Amino acid sequence: MKQYLDLLKHITETGVAKGDRTGTGTRSVFGYQMRFNLEEGFPLVTTKKLHLKSIVYELLWFLNGDTNNQYLKEHGVRIWDEWATETGDLGPIYGRQWVAWEKPNGDTINQIEEVIQTLKKNPNSRRMLVSAWNPADLPDESMSPQENVKQGRMALATCHAFFQFYVANGKLSCQLYQRSADTFLGVPFNIASYALLTHMIAQQTDLEVGEFVWTGGDVHLYNNTLEQAELQMSRTPYALPKLKIKRKPPSIFDYEFDDFEIEGYESHPHIKAVVSV
């Protein structure tokens with residue numbers, strides 16, 4: 001994926017040194033956009049091998065409204081382990097905000113369902129957004145993730161904050177705004193996850209896929225991933241794979257892991273890096 005390699009190059013060549021919450025330090029740029037035509041292939045990075053199982057199971061977990069790490073661990077996915085409490089709780093993170101955003105009266109809003117219904121009834125609407133950024137639930141940066149959860153807050157502040165859908169010529173496009181972007185470890189997962197979600201919602205609303213647009217705010221490489229980024233930039237991308245969805249479930253909330261197949265995924269070897277907590 002040339003777009004992603006161009007981003008790595010942009011950060012390494014123009015990024016500024018900044019401190020951060022984790023204490024690791026970053027090289028950072030502010031504001032960047034990548035566009036992916038989903039008709040041309042599924043945007044899964046090929047210059048290092050990605051753990052596709054983690055991407056799919058995490059998305060299904062979000063859609064289930066689940067905020068406990070146990071489901072992921074049962075399926076061999078460990079990407080949230082560092083932030084969870086001893087019982088697996090992560091507080092009101094993405095899944096809660098997506099499908100059970102709490103109103104002042106205690107009722108909840110299923111933002112995903114509302115978007116799908118709007119796509120079916122009024123696809124020209126400019127209000128087809130989902131927000132996971134809820135200031136009332138953000139963690140206190142002076143506390144550990146686990147301490148925040150025990151006080152009813154998110155373990156980790158929302159990074160991929162909100163996304164919007166757009167329909168033109170019978171094609172569904174999605175734009176994500178990611179306020180904080182760990183470009184080496186996180187962004188490849190986020191691109192694939194939201195591209196997958198766009199395919200799923202397109203299927204549910206009888207639309208074709210259009211573009212996935214990724215927009216980043218503080219877009220950075222942690223200092224402990226700079227060498228890995230250089231290695232990745234030295235590799236030549238392979239052709240993008242294709243996504244096959246084997247069946248159309250009754251609703252967006254009924255997909256299962258085995259419903260998805262990635263055809264023709266060829267990649268360079270995995271590049272190991274340590275996540276900054």
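Yeah, the Cβs are placed from backbone N, Cα and C, and that goes for glycine too.
According to Swiss-Prot, the feature dUMP binding site maps to Arg21, Arg126, Arg127, Arg179, Ser180, Ala181, Asp182, Asn190, His220, Leu221, Tyr222, an assignment based on sequence analysis. The Cβ of Tyr222 (dUMP binding site) has 23 other Cβ atoms within 10 Å, all protein chains considered.
Per Swiss-Prot, (6R)-5,10-methylene-5,6,7,8-tetrahydrofolate binding site is recorded for His51, Asp182, Ser276. In the three-state DSSP assignment, the secondary structure recorded for Asp182 (dUMP binding site) is strand.
The Cβ of Cys159 (active site, nucleophile) lies under 8 Å from the Cβ of Gln178, Arg179, Ser180, Ala181, Asp182, Gly186, Asn190, each on the same chain and at least six residues away in sequence. Residues or ranges marked as active site, nucleophile in Swiss-Prot: Cys159.
Shown in sequence order, Asp20, Thr22, Thr24, Asp182, Tyr222, Asn224 are the residues of the chain, 6+ apart in sequence, with a C-beta less than 8 angstroms from the C-beta of Ser276 ((6R)-5,10-methylene-5,6,7,8-tetrahydrofolate binding site). The CA atom of His220 (dUMP binding site) is located 21 Å away from the CA atom of His51 ((6R)-5,10-methylene-5,6,7,8-tetrahydrofolate binding site). Across the annotated binding residues for (6R)-5,10-methylene-5,6,7,8-tetrahydrofolate (His51, Asp182, Ser276), the two most widely spaced Cα atoms sit 18 Å apart.
In this structure the alpha carbons, written CA, of His51 ((6R)-5,10-methylene-5,6,7,8-tetrahydrofolate binding site) and Arg21 (dUMP binding site) are 26 Å apart.
Counting every protein chain shown, the Cβ of Asp182 (dUMP binding site) has 24 other Cβ atoms within 10 Å.
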